[in-house]
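So the structure is just underneath, and the comments pick up after that.
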Amino acid sequence: MLSVAARSGPFAPVLSATSRGVAGALRPLLQSAVPATSEPPVLDVKRPFLCRESLSGQAATRPLVATVGLNVPASVRYSHTDIKVPDFSDYRRAEVLDSTKSSKESSEARKGFSYLVTATTTVGVAYAAKNAVSQFVSSMSASADVLAMSKIEIKLSDIPEGKNMAFKWRGKPLFVRHRTKKEIDQEAAVEVSQLRDPQHDLERVKKPEWVILIGVCTHLGCVPIANAGDFGGYYCPCHGSHYDASGRIRKGPAPLNLEVPTYEFTSGDVVVVG
């Protein structure tokens, strides 16, 4: 109302109101709400505890005091007596319980214990991680039925002496060569230092008369021709690589010898490759 009157301009005197009281002999129709008395009012004894009057006598009369030092124990004084300062003595070692005593003498032993616990934990975590990784890797390996199909059994009595027979193994050509005595002596007499990929003949065979190779040229993956080439072994028609009867590179662009797969003689005339 006052703000409206202040902004009304020339109508402000009309909008303002004045109240006056005139004394008279007539008695009031209503009694006074608070009778006049000379006795002091009685305060309610059940007043709220958390009020300004109740807290004024319990508040701290002095500021909070804290004492901290290098050779003295830390202490804090509060206004309330029911507050318990946390005590971590049960978690501390006996050598460092006394704050007024130097703990330098026991520092090496405490460090050694910490290092021992850390190293033990690290080894345990590494072992657990190794097992987890091993199980994960083994889950991606081939199953037993797939591994069974990856092996091939060859009857050696079907291959005459001096001949080479090709088989299909894991989608690749597999050469099994029955060498003659002349071929065995010839390949054993080759000087290893003259070879591009130095390897003695006895390192590539388990039985001198049998040579088992993967028929894939190590240059660009072509299939060599058996009993051909300048050295009577294998010849790659793609780029002219020559291999001897032991599958070693002797001439041409191929950088390595023919690969020797994993095989095992189960009997005198049966070999299992894979």
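Including glycine, each Cβ sits where the backbone N, Cα and C put it.
For the ranges 104-140, 141-177, the feature annotated in Swiss-Prot as transmembrane segment maps to 104-140.
The disulfide entry in Swiss-Prot for Cys222 points, among Cys51, Cys238, to Cys238. Listed binding-site residues: His219, His239; maximum Cβ neighbour count within 10 Å falls on His219.
The C-beta environment of Cys217 ([2Fe-2S] cluster binding site), restricted to residues of the same chain at least 6 apart in sequence and closer than 8 Å, consists of Val223, Pro224, Cys236, Cys238, His239, Ser241, Ala254, Leu258.
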